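Below: one structure, written as C-alpha coordinates.
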Amino acid sequence: MMNARVGFIGGGKMAEALIESIIASNKVKSCNINVSDVSEERLEYLKQKFGVNTFILNTEVVALSDIIILAVKPQVMTAVLEEIKDAVIPQQLIVSIAAGYPIENIEKLLGKDKKIIRVMPNILVKVSEGTMAFSPNINVSDEEVSLFKGLFSVAGEVIKVEEKLMDAVTGLSGSGPAFVFLVIEALADGGVRTGLPRDIALKLAAQTVKGSAEMVLRGEHPEVLKDSVISPAGTTAEGIAKLEEKGVRSAFIEAVFAAFRRSKEISELIKKW
(Lines of atoms letter the chains of each structure in order from A and count residues from 1; the text may use other names and numbers.)
(Lines give C-alpha, C1' and ligand atoms only; values in the text may rest on other atoms or scores of the structure.)
Protein backbone atom coordinates (compact mmCIF):
# COMPACT_ATOMS: atom_id res chain seq x y z
CA MET A 1 0.00 0.00 0.00
CA MET A 2 1.25 3.49 -0.89
CA ASN A 3 1.67 6.22 1.71
CA ALA A 4 1.13 8.92 -0.89
CA ARG A 5 -1.95 11.14 -0.63
CA VAL A 6 -3.80 11.28 -3.93
CA GLY A 7 -5.92 14.23 -5.01
CA PHE A 8 -8.44 14.43 -7.81
CA ILE A 9 -9.44 17.79 -9.21
CA GLY A 10 -12.66 16.84 -10.95
CA GLY A 11 -14.90 14.04 -9.78
CA GLY A 12 -16.43 12.88 -13.05
CA LYS A 13 -16.82 9.38 -14.46
CA MET A 14 -13.14 8.88 -15.30
CA ALA A 15 -12.06 10.02 -11.83
CA GLU A 16 -14.67 7.73 -10.28
CA ALA A 17 -13.38 4.75 -12.27
CA LEU A 18 -9.79 5.43 -11.20
CA ILE A 19 -10.77 5.93 -7.56
CA GLU A 20 -12.70 2.66 -7.58
CA SER A 21 -9.75 0.73 -9.04
CA ILE A 22 -7.25 2.31 -6.64
CA ILE A 23 -9.33 1.54 -3.55
CA ALA A 24 -10.25 -1.98 -4.72
CA SER A 25 -6.56 -2.79 -5.22
CA ASN A 26 -5.66 -1.49 -1.72
CA LYS A 27 -3.04 0.80 -3.28
CA VAL A 28 -4.26 3.83 -1.33
CA LYS A 29 -6.62 4.07 1.64
CA SER A 30 -9.83 6.00 0.98
CA CYS A 31 -8.91 8.39 3.81
CA ASN A 32 -5.83 9.41 1.77
CA ILE A 33 -7.85 10.29 -1.35
CA ASN A 34 -9.05 13.88 -1.77
CA VAL A 35 -11.55 15.01 -4.40
CA SER A 36 -12.85 18.41 -5.50
CA ASP A 37 -15.65 19.14 -7.94
CA VAL A 38 -17.99 21.99 -8.84
CA SER A 39 -20.99 19.79 -7.97
CA GLU A 40 -21.73 19.31 -4.27
CA GLU A 41 -24.14 16.53 -5.22
CA ARG A 42 -21.36 14.71 -7.05
CA LEU A 43 -19.00 15.11 -4.11
CA GLU A 44 -21.58 13.70 -1.70
CA TYR A 45 -22.06 10.71 -4.00
CA LEU A 46 -18.31 9.99 -4.09
CA LYS A 47 -18.00 10.46 -0.34
CA GLN A 48 -20.83 8.02 0.36
CA LYS A 49 -19.62 5.45 -2.19
CA PHE A 50 -15.89 5.42 -1.40
CA GLY A 51 -15.37 7.25 1.89
CA VAL A 52 -13.01 9.77 0.28
CA ASN A 53 -12.43 13.33 1.48
CA THR A 54 -14.30 15.92 -0.58
CA PHE A 55 -13.77 19.64 -1.08
CA ILE A 56 -15.33 22.45 -3.07
CA LEU A 57 -12.04 24.34 -3.42
CA ASN A 58 -9.41 22.86 -5.72
CA THR A 59 -6.67 24.55 -3.70
CA GLU A 60 -7.62 22.46 -0.65
CA VAL A 61 -7.04 19.26 -2.61
CA VAL A 62 -3.65 20.58 -3.75
CA ALA A 63 -2.63 21.45 -0.19
CA LEU A 64 -3.49 17.96 1.09
CA SER A 65 -2.11 15.80 -1.74
CA ASP A 66 1.25 14.46 -2.93
CA ILE A 67 -0.07 13.32 -6.31
CA ILE A 68 -2.59 15.63 -7.99
CA ILE A 69 -4.69 14.19 -10.81
CA LEU A 70 -6.26 16.80 -13.07
CA ALA A 71 -9.45 15.07 -14.17
CA VAL A 72 -11.31 17.96 -15.77
CA LYS A 73 -12.39 18.69 -19.32
CA PRO A 74 -9.76 20.46 -21.47
CA GLN A 75 -11.94 23.54 -21.91
CA VAL A 76 -11.77 24.29 -18.17
CA MET A 77 -8.15 23.22 -17.62
CA THR A 78 -6.70 26.70 -18.04
CA ALA A 79 -9.05 28.16 -15.44
CA VAL A 80 -8.25 25.32 -13.02
CA LEU A 81 -4.50 25.77 -13.51
CA GLU A 82 -4.82 29.52 -12.92
CA GLU A 83 -6.65 28.77 -9.69
CA ILE A 84 -4.10 26.31 -8.28
CA LYS A 85 -0.82 27.68 -9.68
CA ASP A 86 0.22 29.41 -6.44
CA ALA A 87 -0.60 26.34 -4.35
CA VAL A 88 1.39 23.75 -6.31
CA ILE A 89 4.93 23.06 -5.12
CA PRO A 90 7.80 21.41 -7.09
CA GLN A 91 7.73 18.27 -4.90
CA GLN A 92 4.20 17.35 -5.99
CA LEU A 93 3.49 15.11 -8.97
CA ILE A 94 0.90 16.53 -11.37
CA VAL A 95 -0.95 14.01 -13.54
CA SER A 96 -3.22 15.34 -16.28
CA ILE A 97 -5.86 13.19 -17.96
CA ALA A 98 -7.37 16.14 -19.86
CA ALA A 99 -7.59 15.04 -23.50
CA GLY A 100 -5.49 17.05 -25.93
CA TYR A 101 -4.02 19.38 -23.30
CA PRO A 102 -0.23 19.49 -23.80
CA ILE A 103 2.42 19.49 -21.09
CA GLU A 104 3.75 22.78 -22.50
CA ASN A 105 0.49 24.56 -21.65
CA ILE A 106 0.54 23.18 -18.11
CA GLU A 107 4.16 24.28 -17.63
CA LYS A 108 3.30 27.81 -18.82
CA LEU A 109 0.84 28.20 -15.96
CA LEU A 110 2.34 26.08 -13.18
CA GLY A 111 6.01 26.68 -14.00
CA LYS A 112 8.71 24.70 -15.78
CA ASP A 113 10.02 23.37 -12.46
CA LYS A 114 6.91 21.26 -11.85
CA LYS A 115 6.71 17.48 -12.27
CA ILE A 116 4.05 16.71 -14.86
CA ILE A 117 2.77 13.51 -16.45
CA ARG A 118 0.24 13.62 -19.25
CA VAL A 119 -1.99 10.54 -19.56
CA MET A 120 -4.50 9.37 -22.17
CA PRO A 121 -6.80 6.81 -20.52
CA ASN A 122 -9.83 5.23 -22.14
CA ILE A 123 -13.28 4.22 -20.99
CA LEU A 124 -12.14 0.65 -20.26
CA VAL A 125 -10.57 1.78 -16.97
CA LYS A 126 -14.13 1.39 -15.63
CA VAL A 127 -13.59 -2.38 -15.68
CA SER A 128 -9.85 -2.18 -14.86
CA GLU A 129 -8.98 -3.15 -18.44
CA GLY A 130 -8.03 0.27 -19.75
CA THR A 131 -5.03 1.38 -21.75
CA MET A 132 -3.23 4.45 -20.47
CA ALA A 133 -0.49 5.97 -22.58
CA PHE A 134 1.61 8.48 -20.64
CA SER A 135 4.35 11.04 -21.22
CA PRO A 136 6.36 12.61 -18.36
CA ASN A 137 8.21 15.90 -18.56
CA ILE A 138 11.94 16.09 -17.80
CA ASN A 139 11.40 16.84 -14.10
CA VAL A 140 9.80 13.47 -13.37
CA SER A 141 12.30 10.93 -12.00
CA ASP A 142 12.36 7.21 -12.76
CA GLU A 143 11.21 6.58 -9.20
CA GLU A 144 8.21 8.87 -9.71
CA VAL A 145 7.37 7.16 -13.01
CA SER A 146 7.35 3.85 -11.12
CA LEU A 147 5.10 5.38 -8.47
CA PHE A 148 2.72 6.63 -11.15
CA LYS A 149 2.69 3.27 -12.96
CA GLY A 150 2.04 1.44 -9.72
CA LEU A 151 -0.95 3.67 -9.05
CA PHE A 152 -2.48 3.64 -12.53
CA SER A 153 -1.73 0.02 -13.44
CA VAL A 154 -4.62 -1.06 -11.22
CA ALA A 155 -6.93 0.29 -13.93
CA GLY A 156 -5.25 -1.41 -16.90
CA GLU A 157 -2.14 -1.38 -19.08
CA VAL A 158 0.22 1.59 -18.67
CA ILE A 159 2.42 2.39 -21.68
CA LYS A 160 5.03 5.15 -22.02
CA VAL A 161 5.02 7.07 -25.32
CA GLU A 162 6.49 10.29 -26.66
CA GLU A 163 4.04 13.14 -26.20
CA LYS A 164 3.96 13.79 -29.95
CA LEU A 165 2.24 10.38 -30.33
CA MET A 166 -0.67 11.24 -28.02
CA ASP A 167 -2.99 12.11 -30.91
CA ALA A 168 -2.23 8.74 -32.49
CA VAL A 169 -2.99 7.07 -29.16
CA THR A 170 -6.29 8.95 -29.01
CA GLY A 171 -7.22 7.73 -32.48
CA LEU A 172 -6.48 4.09 -31.62
CA SER A 173 -7.06 3.33 -27.94
CA GLY A 174 -9.00 6.47 -27.03
CA SER A 175 -11.65 6.07 -29.71
CA GLY A 176 -11.01 2.35 -30.24
CA PRO A 177 -13.47 1.06 -27.63
CA ALA A 178 -16.34 2.66 -29.56
CA PHE A 179 -15.14 0.93 -32.73
CA VAL A 180 -15.02 -2.41 -30.93
CA PHE A 181 -18.48 -1.86 -29.42
CA LEU A 182 -19.70 -1.35 -32.97
CA VAL A 183 -18.08 -4.66 -33.98
CA ILE A 184 -19.75 -6.47 -31.08
CA GLU A 185 -23.10 -4.94 -31.96
CA ALA A 186 -22.71 -5.89 -35.62
CA LEU A 187 -21.68 -9.47 -34.78
CA ALA A 188 -24.71 -9.77 -32.52
CA ASP A 189 -26.94 -8.38 -35.28
CA GLY A 190 -25.56 -11.05 -37.58
CA GLY A 191 -26.36 -13.68 -34.98
CA VAL A 192 -29.92 -12.42 -34.64
CA ARG A 193 -30.29 -12.50 -38.41
CA THR A 194 -29.39 -16.20 -38.36
CA GLY A 195 -31.96 -16.94 -35.66
CA LEU A 196 -30.21 -16.46 -32.32
CA PRO A 197 -32.03 -14.64 -29.49
CA ARG A 198 -30.63 -11.13 -28.97
CA ASP A 199 -29.27 -11.74 -25.46
CA ILE A 200 -27.45 -14.92 -26.47
CA ALA A 201 -26.08 -13.32 -29.65
CA LEU A 202 -24.72 -10.36 -27.69
CA LYS A 203 -23.07 -12.56 -25.08
CA LEU A 204 -21.48 -14.76 -27.75
CA ALA A 205 -20.20 -11.72 -29.66
CA ALA A 206 -18.73 -10.01 -26.59
CA GLN A 207 -17.03 -13.16 -25.32
CA THR A 208 -15.64 -13.87 -28.79
CA VAL A 209 -14.02 -10.43 -28.89
CA LYS A 210 -12.73 -10.76 -25.32
CA GLY A 211 -11.17 -14.18 -25.93
CA SER A 212 -9.69 -13.15 -29.27
CA ALA A 213 -8.03 -10.13 -27.66
CA GLU A 214 -6.59 -12.30 -24.90
CA MET A 215 -4.93 -14.60 -27.46
CA VAL A 216 -3.28 -11.62 -29.15
CA LEU A 217 -2.13 -10.20 -25.79
CA ARG A 218 -0.41 -13.51 -25.07
CA GLY A 219 1.91 -12.79 -27.99
CA GLU A 220 0.32 -14.51 -30.96
CA HIS A 221 0.05 -12.47 -34.17
CA PRO A 222 -3.54 -11.80 -35.30
CA GLU A 223 -2.79 -12.88 -38.87
CA VAL A 224 -1.50 -16.26 -37.67
CA LEU A 225 -4.49 -16.67 -35.38
CA LYS A 226 -6.89 -15.73 -38.17
CA ASP A 227 -5.36 -18.27 -40.54
CA SER A 228 -5.55 -20.97 -37.86
CA VAL A 229 -9.35 -20.61 -37.79
CA ILE A 230 -9.80 -20.69 -41.58
CA SER A 231 -10.31 -24.03 -43.32
CA PRO A 232 -10.17 -24.30 -47.14
CA ALA A 233 -13.63 -23.63 -48.59
CA GLY A 234 -15.01 -23.46 -45.04
CA THR A 235 -17.45 -21.15 -43.27
CA THR A 236 -14.83 -18.76 -41.91
CA ALA A 237 -13.18 -18.43 -45.33
CA GLU A 238 -16.52 -17.32 -46.76
CA GLY A 239 -17.03 -14.82 -43.95
CA ILE A 240 -13.53 -13.33 -44.28
CA ALA A 241 -13.97 -13.01 -48.05
CA LYS A 242 -17.17 -11.03 -47.49
CA LEU A 243 -15.48 -8.72 -44.97
CA GLU A 244 -12.65 -8.03 -47.41
CA GLU A 245 -15.15 -7.48 -50.22
CA LYS A 246 -16.95 -4.87 -48.10
CA GLY A 247 -13.71 -3.10 -47.20
CA VAL A 248 -13.93 -3.67 -43.45
CA ARG A 249 -10.15 -3.67 -42.94
CA SER A 250 -9.65 -0.34 -44.74
CA ALA A 251 -12.71 1.11 -42.97
CA PHE A 252 -11.09 0.51 -39.58
CA ILE A 253 -7.78 1.96 -40.73
CA GLU A 254 -9.57 5.06 -42.00
CA ALA A 255 -11.61 5.32 -38.78
CA VAL A 256 -8.46 5.36 -36.64
CA PHE A 257 -6.85 7.92 -38.94
CA ALA A 258 -9.96 10.14 -38.91
CA ALA A 259 -10.04 10.09 -35.10
CA PHE A 260 -6.29 10.84 -35.00
CA ARG A 261 -6.71 13.75 -37.41
CA ARG A 262 -9.55 15.23 -35.34
CA SER A 263 -7.54 14.84 -32.14
CA LYS A 264 -4.63 16.67 -33.76
CA GLU A 265 -6.94 19.52 -34.81
CA ILE A 266 -8.24 19.84 -31.25
CA SER A 267 -4.71 19.71 -29.81
CA GLU A 268 -3.58 22.51 -32.11
CA LEU A 269 -6.52 24.66 -30.99
CA ILE A 270 -5.74 24.02 -27.32
CA LYS A 271 -2.10 25.06 -27.80
CA LYS A 272 -3.36 28.52 -28.79
CA TRP A 273 -5.43 29.01 -25.63
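Using the three backbone atoms N, Cα and C, a Cβ is placed for every residue, glycine included.
Taken from TrEMBL, the feature domain 'Pyrroline-5-carboxylate reductase catalytic N-terminal' covers 5-100. Feature annotation from TrEMBL assigns NADP(+) binding site to ILE9, GLY10, GLY11, GLY12, LYS13, MET14, ALA71, VAL72, LYS73, PRO74. Per TrEMBL, the feature NADPH binding site maps to ASN58. What TrEMBL lists as domain 'Pyrroline-5-carboxylate reductase dimerisation' is 163-265.
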Rounded distance in angstrom between the Cα atoms of ILE9 (NADP(+) binding site) and ASN58 (NADPH binding site): 6
Integer Cα-Cα distance in angstrom, GLY11 (NADP(+) binding site) to ASN58 (NADPH binding site): 11
DSSP state at ILE9 (NADP(+) binding site), helix/strand/coil: strand
Helix, strand and coil totals (DSSP H, G, I; E, B; other) for the domain 'Pyrroline-5-carboxylate reductase dimerisation' (163-265): 87 helix, 0 strand, 16 coil
Listed in sequence order, residues with CB under 8 A of the residue listed as 'NADPH binding site' and six or more positions away: ILE9, SER36, VAL80, GLU83, ILE84
Under 8 Å by Cβ from ALA71 (NADP(+) binding site), counting only residues of that chain that are 6 or more apart: PHE8, ILE9, GLY10, GLY11, GLY12, MET14, ALA15, LEU18, ILE97, ALA98
Proximal but sequence-remote residues of the same chain as LYS13 (NADP(+) binding site) (Cβ under 8 Å, at least 6 apart): LYS126
